[in-house]
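S.K.: What TrEMBL shows for this protein is this:
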DOMAIN    B:1-110  domain 'Nitrile hydratase beta subunit-like N-terminal'
DOMAIN    B:121-218  domain 'Nitrile hydratase beta subunit'
Amino acid sequence: MNQHHHDHDDHSHLSEIELRVRALESILVEKGYVDPAAIDALVETYEVKVGPRNGAKVVAKAWTDPTYREWLRADATAAIASLGFVGRQGEHMVVVENTSDEHNMVVCTLCSCYPWPVLGLPPIWYKSAPYRSRAVLDPRRVLAEFGVYLPETTRIRVWDSTAEVRYLVIPMRPEGTEGMSEEALAELVTRDSMIGTSLAQQPEAMR
Amino acid sequence: MNGGQDLGGMMGFGPIAIEQDEPWFHAEWERRAFGLTLAMGATSSWNIDMSRHARESLPPAEYLTSSYYAIWTKGVEKLIVAAGLVSKEELTRGQSLSEPAPIKRVLKAEDVPAVLVRGGPAERPAERPARFAVGNRVLTRNLNPQGHTRLPRYARGKMGVVELVHGAHVFPDANAHGQGEQPQWLYTICFSGRELWGEQADPTLSVSVDAWESYLEPV
């Protein structure tokens, strides 16, 4: 039995999928195709090191530094890489900017394409059938499910990421944040606001 | 293929289940399924398009009733059998029954950061000029291939406008089937909600897909 991570488990209590994954790993390790320590390192990377705080730094910088915002528009991949966020599932980045006239929202109707270096792994709802099916058809009602009610005059622009291009939404900078530091602004930037299913938080909400 | 993965525009799946403070993984087996999928991908025994196609060619009823990492697990199982790395019997028995097959490389823990930083860029040198430019009107082709495609059903046979030109990218429809990368120009094509969904669509809606050149015809 693989003692690597499962020492608290009792075989008899494992579900079918748990048994299936365990068997698969043990075959792949036994054959020498997979190093279990590499699995640990991959999991640790996305559980500990990468996440939406990365994207929040990009957004806060875009809010405060017009030169950086221009760079994001011209070459988002390079501008984001300059902050150290690079690699798998972020090889080709595009940023889309929300305004009072237009709200951007990102989906992958075909699978779960998502900008890992800036947002980490996607939440379950992003990968789920309810979101993937309706985001392109009826985004206004989808937004309402997230508690977001936009003016009827605000245009909605949905980006279905069907290729290897990954989209990051720059939410609108909340009012009343003039003079706030980049670090404080980044705290207002939620994961969902960078997918486009939410807005950046008001500073009051921080209390 | 017109599989269970092509969800855009379907109805009846119910409300979006939003989980507050969602953990990155919901069970230990999900961590292992995630890690072993990436680790096996790093062996270069297949490419990302083959990997997506393996998941998407699950029967629709199975695809739609399997959890996300269960789909990944089933995908890897299909890929290792197809690549001759593991036999079906070994999977059924849950143990290795034969000598390992030759493999291009094995991902070591110390190489994980560098491999993730490198990623898998899909852009390639363009062999010919782009056929379309920003602002051009195009018609998406009504394609229904048996094999892999990234043109969703809801965006076939629709009039749109070229919004972005991304360069030449690996063509998944070929790469998923071992036919080489066959790079093509990739575009973001924007459609009005009304073009996609008819007159009852939200008049303020527009939707884009990223589409390879052979998905498109000039208007």
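Note: Cβ is positioned from N, Cα and C throughout, glycine not excepted.
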S.K.: Take every residue in the domain 'Nitrile hydratase beta subunit' (B:121-218), average their pLDDT values, and give the whole-number result.
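M.R.: When the pLDDT values over the domain 'Nitrile hydratase beta subunit' (B:121-218) are averaged, the result is 98.
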S.K.: Could you give the number of helix, strand and coil residues in the domain 'Nitrile hydratase beta subunit' (B:121-218) as assigned by DSSP?
M.R.: 15 helix, 37 strand, 46 coil
S.K.: Please work out the helix, strand and coil residue numbers for the domain 'Nitrile hydratase beta subunit-like N-terminal' (B:1-110) from the DSSP assignment.
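M.R.: Counts, helix then strand then coil: 52 helix, 0 strand, 58 coil.
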